[in-house]
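Engineer: Take this structure first; my questions come after.
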Amino acid sequence: MSLCRCSSICLRRPILRSFNFLNKYIDQSQHSGGLSSFQRLSFSNTGKNESTDDSNQIRCDADKTAADKKKQKQKEEEQAKIREYKRECLKVQKRVLAEEIRCSGEKDRILIQGMMKCLTDGMKKACTKIAKAKLIADKELAVQCAALSKKDKVKALLKKCEREKSKEKECNQNSPAEGDKDRTKKGKTKGKSGGGNKKRSTKENRAKKGKKLVKNRFTQKLEHCIKSEWADVCECRQNFTEDERKRLAASYKCMGTKIKSICRKRVIAEMCEAAGYVKSSEPKKKGKKKKNDEKKEKELEREILKEQAEEEAKIRGVVKEVKKKCKEKALKKKCKDLGRKMKEEAEKKKCAALAKKQKEEDEKKACKELAKKKKEADEKKKCEEAANKEKKAAEKKKCEKAAKERKEAAEKKKCEEAAKKEKEAAERKKCEELAKNIKKAAEKKKCKEAAKKEKEAAERKKCEELAKKIKKAAEKKKCEETAKKGKEVAERKKCEELAKKIKKAEIKKKCKKLAKKEKETAEKKKCEKAAKKRKEAAEKKKCEKAAKKRKEAAEKKKCEKSAKKRKEAAEKKKCEKAAKERKEAAEKKKCEEAAKKEKEVAERKKCEELAKKIKKAAEKKKCKEAAKKEKEAAEREKCGELAKKIKKAAEKKKCKKLAKKEKETAEKKKCEKAAKKRKEAAEKKKCAEAAKKEKEAAEKKKCEEAAKKEKEAAERKKCEELAKKIKKAAEKKKCKKLAKKKKAGEKNKLKKGNKKGKKALKEKKKCRELAKKKAAEKKKCKEAAKKEKEAAEKKKCEKTAKKRKEEAEKKKCEKTAKKRKEAAEKKKCEKAAKKRKEEAEKKKCEKTAKKRKETAEKKKCEKAAKKRKQAAEKKKCEKAAKKRKEAAEKKKCAEAAKKEKELAEKKKCEEAAKKEKEVAERKKCEELAKKIKKAAEKKKCKKLAKKEKKAGEKNKLKKKAGKGKKKCKKLGKKSKRAAEKKKCAEAAKKEKEAATKKKCEERAKKQKEAAEKKQCEERAKKLKEAAEQKQCEERAKKLKEAAEKKQCEERAKKLKEAAEQKQCEERAKKLKEAAEKKQCEERAKKEKEAAEKKQCEERAKKLKEAAEKKQCEERAKKEKEAAEKKRCEEAAKREKEAAEKKKCAEAAKKEKEATEKQKCAEAAKKEKEAAEKKKCAEAAKREKEAAQKKKCADLAKKEQEPAEMKKCEEAAKKEKEAAEKQKCAKAAKKEKEAAEKKKCAEAAKKEQEAAEKKKCAEAAKKEKEAEKKRKCEKAEKAAALKRQCAKLVIRAKEAALRKKCAIIAKKAKMAAEKKECEKLAKKAKEAIEWKKCAKLAKKKREAEKKKCAKLAKKEKEAAEKKKRCKDLAKNKKKGHKKKGRNENRKKRTDC
């Protein structure tokens, strides 16, 4: 509501009151009796007020009830207004919805029908909010109107009083004498009339003593009325100017008299109405005011129409918002429903696929079992046949071998004698060669050990020299060359790694030799198992491949069928949707064109009305612009304050950054110090680790040497035991021979006699001498072993003593280094504390200087900003007025054009998206075909490579097996047969694969040709669509360019203003930065000078410390070198002595071994000769004894038994004694060996524990890396499985796509023919629809014309009614009665 409307409404009340006063005066002139009755009432307060308190309470209660009733009525009226506003709002919203539904397509209509509940609820809520807002606005307006009416009323009274005063002054100036006469006459008349009134009043009061309430009620109402009027005057006085207040104060008495007269008339009228006396009144004619009222009413009507249009626009906006919300809700519901359906369908598909897979697996298992049974039966038959053949061949071979053996037996006998001689000579040579080899091996080992020691010593010296150089370079170049440290550390690591690698390589070589021997034995066993497993694996692979091919073929067929069905259904749906969308688009275009024409007519009318409104709005805008300028000025001041705050914040940030940098520098220094400490500690650890490794390597060597010695000793013992056994066997044989000879000699005692006794004695002496020699040799061996043990223990003790000394020296060096570091760190900390204090003082000075500069700069900026604001505001006001006029007209035209373009673009985008999807699907088909070909080729290559590898491995195994026993040969033959069979099968497979390749290539060619045809068709379609899109884009560009030009002009203006402000700010910043730079340069100079002084002092200190350190290091080096020289000399002496001892011991051992070998060889020769003699003698004896046994058996037995018994007992005793001695010697040796082993085991345990700790750390790292690798491998395996599955799926899809592509090609042809038919049909339909749209447009225009005519008639009728009402008000008769203000208002509103 505008102020004009408020003033017009509020001015009606004083006009109505003037009518009421005139009516009252007319009633008083007509009804004299009524007036006399009123004059009888006493209007003075001379009478006594004898009213009671009870009556007052009753009146108060009545007033309260009346107030409550008024409140309830107000509430009911408000609710009724809200309902009416709601109804109006809903009517408008329904009308807007109906228009949208009428102009929208089928899809939108269906959507709106589905959203009706949501729309109705949203519209109702919006209408309630709008109605409440209107009611609040009406209340505010009523308050404003009441205030205006009061002001008008008071001003009217003021004017009346001023007029009366002016008239009185004129009268007093013209006729002062007449005024005196009139006063005397009036006084007389007043006296008479007053007396009569008094008398009447006294009589009436006496007659009406019971009617005291009338007086009290009249006085109360009159006082209440006067108070309310004066309260209105006081309220209005607050809003008056000083001149008006002075005028009011001058006319105070006049106002009081007029208020009393008005209140008396009002109270009398009210009491008369309550008593039933109603007086009629006729308003006087006032022609001048009627014309003003008519003009105001017309203006009010126009404003009302404007407000209605604005309300309708708001309601339409509300409807759009509600629609958007409802659409979003509907879309969410649809998405949820679709998601549920998709999940259900996916679950069903999964269940079906699982069921199919289970069936297929069951079928495959059954097929596999049948195939296995058949294969087993075939294999059994083959094995039986092969066994029969082998038996026959074996029997033949046995027969042949028996014949050959008989022949060879005769030949062997002849050759055995010659072979024996040759064997003896060969054995002698072998023994000699073995002795030589043993000597060479021992010498080589000694040389290797000496070379190793020399290498290790050289490496240690190198490492020590490098460490010395590194320390010197690090102390000199700590500040200058930090990069060199990394290089030196890298060199150290390389040295250590090389040393580790050399040790590991040596250990690996030994391990490889042992592993080779074990592998050879294991490979022989594996040959047999591998041959069997290969046969089984080959058979299983064949079965699995056949089963896989069957599965893949079945899956492909199923996938192809399902994919065909899905694609056909999808294509049908697409075609149906495209047809529907085309129809809807055609209908929308028709409706839009009809609507455009109607809009153009309506817009022309609106433009004419807007031109009028713009003029009025221009005047209002001027007022608003003035207010805006004030606001902008206030905002600029705020901006200036914000800029100041921002500057302060920026300066604070700078200070914080500087503080952070200082902290970071301090922390960096600490970190560098800590890094240095860590590096030094790491270097120490490395040195300690290197020393430990050297110790461990030395101990390992000792253990290995001890193990070698134990092995050699064990081998010697075995040789000795063998020799003893051979000797015992030879002695036994000799004893037997002697016994036999004795038997024969006893027979010939009579002949030979004493000769045989002498020979026996000689032989006994020889045996005794041999036993003595053996015992002496044993003693010598024991003594040599003891000496060797003692020498080894001495070496161990010397090495441990050396290690302890070295460790003690290292600890001393570490302690001295720690003390020096701590002293250096303390000095650094003190320097850092001094720097911090100086920096804190500098910061304080900087802050004070900054504050002073900021205050000076702020004042300058404020003055410049004020001048710019004033100039800019003037320009803005002029430009804004022009822009608003032009923008209002352009926006309407641009919005209409934009809506049309958006609709057209949406349709084209949808069609283009559909075509792009089809093109993408075809491309996928082609890519899948290519991938399948590549995958098939890769698999074939892999299979061929695997076959070649298997064939190579089999050949190697065959070669190894050929070297083995006869069993390996038999297995090799079988494996060859199996390999030949496999080769034949593989050749057949290759032929099959080549055939399948050819088929696949032919299919691919056909598919390529079909794909190329499709691509040509799609390209033609795309070209057409691109041409259409270009046209649309060009049109859109032109419209955009026009809109952008306007925006650019506006932006340019804004940028200019912003640029001016930025320039001011930049100038201020530059001045600040220049001042800050100067300060910073001065401070930097001072800091540099102070830093240079400190650096000089620090360098001098460092040079002194370095010189002292060098002296200490040189002394330490000299002492170390002297100590090392002494140690080396002592170690060299000990090594020489030990080497000489070893040589002596080895020489003694070699001599012993040579003698023992000779004895063993001689004993072996004798045993062979004895064995040969025995055979010959036994053969002769058997022939002779056979004849003599019967004769001499009894005599020989009796004579030989006692002599043989004695000899056997003596031999048994000797054997027992020798066995016991050997047992004792063995037990002593075992005890010593066990003691030595314990020592070695303890040392080995310590070494192992240290090694295990390192290994644990390394193993932990390796495990982490291994876990990562495992995860990667698992992921790769999973990815490989997925790829395999994807390949199978791709193959199935490709096969399906091939078929579908052929179907699509056919359908494309059919679709092209259908499109031509559809185009013809569309043209016919469009012609029919154009006619329909033209008819509809005509009907709409005619209907709108009729509506306009009806509205014009209604307006005329309303104007005529108003005229009639006014005429009726004028021509009312005097006898009509009034019933109060409310009834008069109702009558006027009814008119």
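Every residue gets a Cβ built from N, Cα and C, even glycine.
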Engineer: According to Swiss-Prot, which of these ranges is region 'Disordered': 36-55, 1076-1095?
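Structural biologist: Range annotated as region 'Disordered' by Swiss-Prot: 1076-1095.
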Engineer: Could you count the residues of the repeat '12' (508-523) that DSSP puts in helix, in strand and in coil?
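Structural biologist: Reading the DSSP string over the repeat '12' (508-523) gives 16 helix, 0 strand, 0 coil.
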Engineer: Which listed stretch (370-429, 729-881, 900-922) has the most C-beta pairs under 8 A with the region 'Disordered' (1076-1095)?
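Structural biologist: Against the region 'Disordered' (1076-1095), the leading stretch is 729-881.
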Engineer: By Cβ distance under 8 Å, which residues at least 6 away from the ends of the repeat '50' (1116-1131) in the same chain are close to it?
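Structural biologist: Same-chain contacts beyond the flanks: 468, 798, 802, 805, 809, 813.
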Engineer: What residues in the same chain, six or more past the boundaries of the compositional bias 'Basic residues' (934-949), come closer than 8 Å to it by Cβ-Cβ distance?
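Structural biologist: Distant contacts of the compositional bias 'Basic residues' (934-949): 986, 993, 997, 1000, 1287, 1290.
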Engineer: Need one number: mean pLDDT over the repeat '50' (1116-1131).
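Structural biologist: That region's mean pLDDT is 77.
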Engineer: What parts of the chain pack near the repeat '23' (684-699), using Cβ distances under 8 Å and only residues at least 6 beyond its ends?
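Structural biologist: Beyond its ends, the repeat '23' (684-699) has Cβ neighbours at 456, 460, 463, 467, 492, 496, 499-500, 503, 799, 803, 806, 810, 814, 1243-1244, 1247, 1250-1251.
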